[in-house]
Amino acid sequence: MDFTKFMNKFNEIERQLSPTSALRLSFDNISPETEEPENKRLWGVPVPPFVSEKVVSWIEEEFTDPPIFYNDTLVLKKVENVRMIDRYNTKNPIVGTLYLTATHLIFVEPDSNKETWILHMHIANIEKLPLTTTGSPLLIRCKTFLSVTFVVPKDSECHDVYTSLLKLYQPVSINKLYCFNYQPAKDDFPKNSGWEYFKLESEFKRMRVPNDTWTLCSLNTNYELCDTYPRQIYVPQGANTAMLIGSSRFRSKGRLPALTYLHSNKASICRCSQPLSGFSARCLEDEQMFEAIRKTNPNTDHMYVVDTRPRINALANRAAGKGYENEAFYENIKFHFLGIENIHTQRTSLQKLIEACEQKTPTMSGFLNALESSGWLKHIRSILDTSSFISNVVDKGVSVVVHCSDGWDRTAQVCSLASLMLDPYYRTIKGFQALIEKDWLAFGHKFSDRCGHIQNDPREVSPIFTQFLDCTWQLMSQRSDAFEFNERFLLILHDHVHSCQFGTFVGNCEKDRLDLQLAKRTFSLWGHMANHLNEYINPLYKPDVDETIKPNLAPQCIKFWRGMYSRFESGVHPREPLGDLLLATKDHTTSLEDHVQHLTKRITSFKNYISKSAKKIQDATSSKSITKESSATDTNDNKYNYDKKMSELSSADDDHPLKLSEGGSSVSGANNVSGSSGSGNGSGGMSFASLSLSDEVDPSTLNDEINSVAVDWKSMRNVTACSCSTPFDQFSKKTHCWKCGEIFCERCIDKSIPLPGQDSGKPVPVCRTCFRLVQKISP
C-alpha cells in the first residue's frame, strides 16, 4: 500500500472537515461528479451518489484494506508487535502497537493502556539503524528532547514508516504546517481568541511611551524602512527623517536603533544590528541617532553600547564590511564586548548536551565530563551575565544600545532577559507573554528558521529561544517568589514553539505573519493557554515583590535543567513535582476557606432568624396578656379590635410568626390574636416548630451545599493511574476534583462549575460525574 499517496490525497484536510466532506472533496479532485446508483458500497459502507464507479474501483485497487481509526483519527499505517526500547530497561522492552497518522506517531501499550504520542512537527531527526535479529530499529529524536527507539519486526514495515515520516515531519512549504489544518477536539475557544490579547502600542503605553522624549515613527507603516521590524517603532523625538533613513541604511538588514524598554528612571534599552562600518566607514546620520538616544535620558551625560559578540567575531565581520562602532566617531559612549557565541556554536553545544543525556550506561564522571565538554552551561551563564550587565546599568540610570550581528538572536535574548530582571510585570504570566510578543515576535526573531519548521538550510537551526527559556528557569530557581508562572509554563511554551499546532510562532517576522494571514487561518497559543492558567500558577509567588532581580552567577549557581533536557527519562524525577504538591495544597486550602465562609454565613443567617423569631414570639405573648387584662376590666368593641390587629399584621414584616403563609393560612390562627371570646387557649399553638424559614434560609438545600465540597482530598502519592486507565508519569499533571476529592488526568477533568457550598461562586475543576450531579442541584 502506498501510504504517502494516500496521505497526499486524503489527509491534507482531514482535520478541518467532516469525514464525508473530506472524502467528497478528495474524490472531486480525481473525477467529476456523476449520477450513480445509491447501492454502491466501499468496504461495506454506502458510497454517496456523487462518487463515480471509477473512483470506487480505484480506491479498492490502491487500498485493499478498509481505513483504520484510532481515537477518531485516521491511521495511515498500523504495525503490531513493535518494541519500544527504554535505555534504562533494555532487557525488558515494552511491546505494543504503532499507529502512523497524518499528524502523530502513536505507540500504545496494551497491558497498561499507556499511550506515547509523538507529533510529527516535534521530530528533529529520524535514523534507521542496521537490521538486528529482533527486527529493524528506528531511532527518533525530538525537539522536546524525547529520544525513543522502536524495533519493528519486519524491515519492509519499518521502511514504510521511515519513508512516510521523512515526508511528514518537515514540510516543504510553510502552508503545509500543522497549524493550518489543526482543529481543537472540542470548541474550547474561538479561532480569533488570543490574537487580540497583545498590542505593541499598548505595551509601550504601559511604559508611558510616547512622551516628551520618545515618539512613534511612521516611516515603517508598510515595512519600507525595515521589513523585519514591527510597523510601530519608537525613536527619539529629536530624530528626523534623514537620520532615521541614514541610520537604517548603515545598519545590517536595515535594523536601525529602536526603543524596546523604558525604565521608570528614564534609562532605556534600544536594540539594532551591527553597523556596516568595515575598517573605516562612518555614517553621520547614525552618529546623530546615537546622540539623540543619549539625550533622551537627562540623568547622565553618557550611555553604553553593548556588542554581545566576542571581540574576535566582531573583528572578523569587519573584513566583510560590517563590524562595530568606532568610539572615535561616536561621542559620549562606552563600548563593551560581552562574548556570547554565534548560532552555530550554540547548535553544536546542544547536540553535545543531548549526547550527554543519552549515554547508554551513564556514570557520574561520564555525565559530568560530557556536560562540561558540551559547554552548554557556560553559554547559559554568558547570556545571563550580559543580561545582568545591561540590567544593572539601566537600574543605575544609564541608557544602553544593544546589538549582535543582525540583531534578532543574541540581542533578543539579552534585551528580554534584562527587561525580565528590571520589571516585575514581565514576571507575570500575561507580562511574560507580552515580553515574547515584543522582543521576539515583533522585532523579528526568525522562529521558522531557528526551529526548523520547514525544509531549509540546517545551518540556520539554533536553540536560541530554548536558551532564553533556560535562562528564565535559572532566574526562577534563584527567586521562586518573584515569578507568577511555574516550570510547566516554560515547557508548554517550548513545546508549542516547535509544534506549529498554533500560528503564534510561525514565520520569521511580523510581516511574514500578516502575509500568511495567521490570525484568520490558525488558532493562537495564547487563546489555548488562557483556558489552562490554573496549571501554570506558581504557589510561591508574591505579587508585592517589586524589585530588580540580581542573579548570582557563580559557577555553582548555574544548574542543569533536568526538567527540560531529561524530561522523558524514567527514574530521575520525583514522583510528584514539589510545585504540583504545593499547588494542590493551595487549591485545597482555597476550597476549604471558601466553604467555611459559606457555612459561616449560613450559621449567622440561622442565628439571626432564631433571635428575631424569639423576640416576636415574646412580643406576641406579652401583647396577649395585656389584651386579656384589658378585657377583664373594660368593655371593648371586638370588631374594632379585630380590624386593628389585622391592619397591624398586614403591615408587619414578611417573616412575622403570625403572617399568612404562601398557602393562605396563618401559622397560629388569627383568632388567637383577635382577643375574641374563647381565645384563652390560643397561646398553646405558638412555638418555634410552627415557624417556617424564609427562602433565604432554606434547610432543605443545606445538606446539598455541605456535600457539594470535598473536605478530604485524595493523596497524590497513592494514585498511579486515572479512572480512565491512563497511567500517571513524571510529566503528566494530576488534578483534583473539588467536589469528590478524587484525582483525574487532564482529559477527564475538563469541566468547571460553581459549587453550591462555596461562597465565591467561581467555577472550579470537577470531574464529569460530579459536573452532572452539580448541574441537577444548581438552580
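Just so it is clear, glycine is given a Cβ too, placed from its N, Cα and C backbone atoms.
Heads up, TrEMBL stuff is auto-annotated, nobody curated it.
Positions annotated as domain 'Myotubularin phosphatase' by TrEMBL: 194-565.
Of all Cβ atoms in the protein chains displayed, 15 besides its own lie within 10 Å of the Cβ of ASN342 (substrate binding site). Residues or ranges marked as substrate binding site by TrEMBL: ASN342, ILE343, CYS404, SER405, ASP406, GLY407, TRP408, ASP409, ARG410.
Per TrEMBL, domain 'Tyrosine specific protein phosphatases' is recorded for 374-417. Counting residues of the domain 'Tyrosine specific protein phosphatases' (374-417) by DSSP class, helix then strand then coil, yields 29 helix, 4 strand, 11 coil.
For CYS404, the entry in TrEMBL reads active site, phosphocysteine intermediate.
According to TrEMBL, the feature compositional bias 'Low complexity' maps to 661-676.
Per TrEMBL, domain 'FYVE-type' is recorded for 724-775. For the domain 'FYVE-type' (724-775), the mean pLDDT of the prediction comes to 85.
Listed as Cβ neighbours of the domain 'Tyrosine specific protein phosphatases' (374-417) (distance under 8 Å, sequence separation of 6 or more from its ends, same chain) are residues 228, 252-253, 255, 257, 260-261, 263, 265-274, 290, 293-294, 296-297, 299-300, 302-309, 313, 317, 322, 333, 336, 338-343, 345-346, 349-350, 352-353, 355-356, 435-436, 438-440, 443-446, 450, 462, 464, 467-468, 470-472, 474-475, 548-551, 553, 555, 558-560.
One way to see the shell of the substrate site is to take the Cβ centroid of ASN342, ILE343, CYS404, SER405, ASP406, GLY407, TRP408, ASP409, ARG410; the remaining same-chain residues with a Cβ within 8 Å of it are SER273, THR308, THR411. On its own chain, ASP406 (substrate binding site) has SER252, LYS253, ARG255, SER273, GLN274 as residues at least 6 apart in sequence with a Cβ closer than 8 Å to its own Cβ. Of all the Cβ atoms in the protein chains shown, 28 others lie within 10 Å of the Cβ of CYS404 (substrate binding site). Look at the domain 'FYVE-type' (724-775): DSSP puts its residues at 8 helix, 11 strand, 33 coil. Long-range neighbours of ARG410 (substrate binding site) (same chain, six or more residues apart, CB within less than 8 Å of its CB): THR308, ARG309, ILE340, ILE383, THR386, CYS404, ILE464.
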